[in-house]
Amino acid sequence: MGKSSRDKRDIYYRLAKEEGWRARSAYKLLQIDDEYGILSSTENISLERVVDLCAAPGSWSQVLSKRLWESKSPDDRKSVKIVAVDLQAMAPIPGVIQIQGDITSQDTAQQIIKHFSGKLAQLVVCDGAPDVTGLHDLDEYVQSHLILAALTICSRVLELGGTFVAKVFRGRDSGLLGSQLRCLFSGQVSFAKPKASRNSSLESFVVCRGFMGPRLRTDLKLSTISENQSIDDNLLLLWYDKDNFEEVNSSQQALLPFIACGDLRGFDSDVTYTLDPDYIVKPPVQVPVDPAYREVCRSSRSHQPSNNSRFQSSTLDNNNDKIDDISKFTELVEKLSFNSIDDHL
């Protein structure tokens, strides 16, 4: 496949490079904002404090910077605080404060609040997702835990009445997720499908307004919550309340609105578009700063095993016998396997 193959297959990937976005996912947030106005300020409330969870490589942070920071005068920019959080390092973005940390850590939540000068966020967005396996039930299950982690940090950093946007994989339990989210948000809770998201993908985004905050258990005293506990433990203590918190089971699945975002007459992410004869392939706007695969790529180029490789090939490298055919290779693998088993008996 040539360098231009993906530019043909993915129009938003091509547009992202042409318009200066680090990833095609920037258009998803742009289209959600055009539909919901989540980045718009009102007459009474000015949107100034935003958190971007699982931010790398930074396309959503770019959108936040462009619509909330760059659009303001130099004096008004001082009040805008955009905090991006991710385990991976990112290249700097104007107007964005970066925290390299775990979103399930209390320390990360405290750092966010510190950057807001003790105030809480008005908007929390999360475009994070695990590496998909193709097994939809498994992918949905793992993604639900990521949403739980995002909601957990929301319990510490999102103000009452705040807005929450997160990626979800729609499946058989999507209605159950919607019911649970309605217990936490008093405003509109709906699923959004941006035009930039492929129709063939289960991906969508949940948009929740009117955060009500965690509900304290009636039999729990605040003094029993230790600062040494993990943020997940505190979530279980704070949000499970038989009296004040509505219990939701599989028979109480909500039917949430499903809203298409973006111009329906615009580009289709599932369509292959031809390129002009004089089209020049452009490189990505920003390559990853410190990707996890870098060491593996280096070792493969130098034919040396990586320390992080799942399978170590040092034993094979030390064997000087040249493998000429598949039968000899099979015998060698079986021999090495038996030796490895004997060593552990």
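Backbone N, Cα and C atoms are what each Cβ position is placed from, and that goes for glycine too.
The DSSP secondary structure for K167 (active site, proton acceptor) is strand. TrEMBL lists K167 with the feature active site, proton acceptor.
Per TrEMBL, S-adenosyl-L-methionine binding site is recorded for G58, W60, D86, D102, D127. Cβ neighbours of G58 (S-adenosyl-L-methionine binding site) (same chain, under 8 Å, six or more residues apart in sequence): R22, A23, A84, M90, A91, I93, V96, Q286.
Feature annotation from TrEMBL assigns compositional bias 'Polar residues' to 302-316.
For 21-211, the entry in TrEMBL reads domain 'Ribosomal RNA methyltransferase FtsJ'.
According to TrEMBL, the region 'Disordered' annotation covers 298-317.
Neighbour density around each Cβ, counted as other Cβ atoms within 10 Å, peaks among the binding-site residues D102, D127 at D127. Within the same chain, residues at least six positions away from K167 (active site, proton acceptor) with a Cβ under 8 Å of its Cβ are C126, D127, G128, A129, Q143, E203, S204, F205. Around D86 (S-adenosyl-L-methionine binding site), the same-chain residues six or more apart in sequence whose CB sits under 8 Å from its CB are L53, C54, A55, A56, Q98, I99, Q100, listed in sequence order.
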